[in-house]
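Contents: one structure, followed by commentary.
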C-alpha cells in the first residue's frame, strides 16, 4: 500500500473556507496532521454581509477530530492579517490555498462597475495580498506551496461572466509568474480549474449534477501539488472534478511568416490565413517565440502577395494609448485604410492626430485615461457619431520582483490594463449592440500568457484581459461583435525600459499593425472571434489550450492523494488522447463522461466477452417492425420545422397541387423504431447522457414520397467500434409502406457513446460506400451557397415531429449538458441543409452528414455546395461563429 501523504508540522492557510471546497480542504489537511487557518468572511456568494459562524463551525469540526485549527474572519483584501494569524498562532506558514470567491454574474451590457470591482477585489487582489504576505516566510524557510483558483469560465470564457472570466484567467498569469520567481526558493505554485459544488455554484448547477460534484474530488489533486514530495510540478494548470483530472498547457501554431517590409499588409495575412492557424507542427512554449530568428528569416523572404485590400471607409476606429509606439502605428494604419481615427492618449494624442490630418485623414484626440472609458468613447461619438472598432492598447509597466511588490505597483497596472480595457469596451458596447456591428481588439502579452519574472502584476492583468475577451466574444457573436486578443512583440515606450535599443528598432510596431487591421476587418475566413494570436517581426500565429487525456477515477470509491500519485503520468502526459478544449462545456463533458466510471459496475474480462458475444449475436438481426402513421398535417409541421416559410406554399398547404415533403423527412418515420438489442448488452457503462449523434445517412428508395400513410420500420445492428474511451454504434433501419411492402427509406444512424469503450471490440469502422464516404470539399469556392436564419423557436417546432429530447427545449436540462441554452436538433440542421441541396439540385437518392458542432436556435446556417459530377458535396457553418455544424456531407443525385 502506498505511503500516506502527511502534512505533520506544517501550517496551511485556506481562504473562503467556511463551506464547500474550502471546508473540504481544511478538514482534509486537519486530518493529515497540518495546523489549519480557516479563513472565511462569512459573506454570501455575492460578497454581501459577513458572519463568523462559518469559519468557527469548520474549526470546531477539525478540533473535535483531534486536529489543530484557528479561525480568521478577515476579507482576503487584508491578506496580511490572514497570514499574521498563522504566524501568531502557529509560528509559520507553509501552504497557501487561495480559494475565496464570489459571483456577480450579469450580461456584459448590464454590468456595473461594482460588479467588476468586487470580483477583482476578492479573486485577484485577494490572491495577490495573501501570497505577498506569505512570500517572505516562504523565501526565508526555502519552502512554500501556493494553489490559486481559476475556473472553466476563466480558461474559456462564459456568458454573463465577463468579470469572473477575467479575474479567473488572471490567476493563471499570476501563478505562472509566481512559479518562475519562486522556483529557486522551493516555492511551488500551481493553479486549478475546479468543478465542485459550493455556495457559489449552487445557484447555477442543477441539483442532480451538484450531487456528483463533491469538493472531495478536488482535494486529493491539491494535496499532491502542495506536498513536500512535489518539487518540480510548478506553474501548471489543472482541470479537476467528478473523478476527472487533466493538465492544460499552451499550444502555439507554427504560424505565418512573411517579409517584414511595406508589402506586409492585412490582405497578405488574410490571403494565407490557414497558415496562421496551422497547428500541424506546433510549439509548446513557456515564453515568447524566438522573434530575433523570425525577423532574420523574414528579411530573407521575397515581397508578399498583398492580397485583397482591407478598406475601413465609413468606419470609426478608437485606439487607446494611441499617442506613441505601437498605438501610433495602429492609428496611422487605420487612417491609411480609410477609417476615421480617435487617438486616445493620456499624455499627448495631438501629434498623431496632426500626422493623420497631414496625410489627408480624419482624426480627433481624446486626452483621457483609459479608466475613463465613458469620456474616451464620448469623444468618438461627438466627433463622428459612431464607433465601430475599439483597440485597447493603453498600458503601463511597474515591474518589481514579487517580494518587493506593493499596492502602489499592483493597483495602477491592474487599473490601466484590466479595468481600462473593461471601461472602454463597456462604454462602446451599447453602440455596437444598436448598430449590430463591432470589432474589439484587446492586448495581452506573452508575460500574461506564460508569466514572467518581476511582472506578477502585469502578468495577472494581461491574462485577465484574455479571459475578459473570451467571455465578451461569446456574448457579442450573435450581434456581429467580434472580439480578439493579441500578444504583440514590438518596441514601445514600455519595452524601451527592458530591451536594448537595437532590438527595439528591429521590432517595429509596423509589423504588428497588419494583423490588428486584419482581425478588425470583415475578412477573417474562419472563426473570426474569440481568438488569441501572438505577433511580431513579420510572424503571426495562434495560441490555444491543449488538454492531456488525463485520468478518470471511479466515482463510487473515495479518491485519495495516494491514488492520484499512482496515476500521475496519465494525468500530466500529453499523448494521443490529448485534445483542444474551446468552451466551458468541454470541461463538463469530460466530467460527465466519467460519471459512469464505477468499480461496483466494472466489467471483468468475462463481462467484456459478453459484450463481444452480444455484438456477434445481434449484428444483422432485424427487429420486429415499429409502425408510424402520418398525415398531411405532419408533413406541414416537418417542413415548418426545417425552415419552410409562409410563402413556401408547396411545403405548408396541403391544397397546393405541388404539395410535397422535403426528402429529409425520411429520418422521421424510423425515429422511435424498436431495435432488437439494448445498448447495455453491447457496450459497458452505457448512459443516455453520454450519447452523441455522430452521423446520419439516408437513402430515398422511392419517389414521389407520400404525404400521408402508414409505414413500418425495422432496425438492425450494423457494427460496434471500440475506440478505447468510447464506442461507436451504427444502426440500419429500413422503412416500408405498410400497405404495399415497398421500401421507402433506408437510414443508417451512427452514435458516439462516451465512456463505453475498452471492451476489446473492432478498432476501425468498415467502409460502407456512400454512408461512410469522407466527402472532403474541393479546394475551390462553393458552386452554391444558401443562408437560412433559424428562429429562436426552431427547436420547439422541430421537436413536434417526434424528437422530444428535453436537451432541445428545457434550459435546466441543457445546462446539465454544458449548454447555455437548449440547442437545435442535429437532424433539424440536417433537414435545413438537405432542403438547400434539394431546392438547388433536385432529387437525391442518398444523403450523408457528419454532425460537427452545435447550433443555437436563432443562429444562421450557411450551406456551401460543390457539384462533383452526380454528387453534391456540402458543409454547413454557423454564420455567427464560423464553426461547422455539418461536415463530411454529400448527396448523390437521383
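Backbone N, Cα and C atoms are what each Cβ position is placed from, and that goes for glycine too.
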Residues flagged as region 'Disordered' in Swiss-Prot, choosing from 743-762, 763-782, 783-802:
763-782
Looking at the (3R)-3-hydroxydecanoyl-CoA binding annotation from Swiss-Prot, with 693, 694, 723, 803, 805, 851, 853 already listed, which candidate in 666, 826, 882 is the matching residue?
826
Helix, strand and coil totals (DSSP H, G, I; E, B; other) for the domain 'MaoC-like' (776-887):
33 helix, 35 strand, 44 coil
Just the number: how many Å between the Cα atoms of residue 693 ((3R)-3-hydroxydecanoyl-CoA binding site) and residue 458 (active site, proton acceptor)?
45
Per DSSP, three-state class assigned to residue 99 (NADP(+) binding site):
coil
Integer Å value for the Cα distance linking residue 851 ((3R)-3-hydroxydecanoyl-CoA binding site) with residue 168 (active site, lowers pKa of active site Tyr) is 32
Model confidence for the domain 'MaoC-like' (776-887), as mean pLDDT, reads 94
Residue 164 (active site, proton acceptor) to residue 803 ((3R)-3-hydroxydecanoyl-CoA binding site): how many Å between their Cα atoms?
36
Counting only residues 6+ away in sequence within the same chain, which have a CB under 8 Å from the CB of residue 853 ((3R)-3-hydroxydecanoyl-CoA binding site)?
878, 883, 884, 885
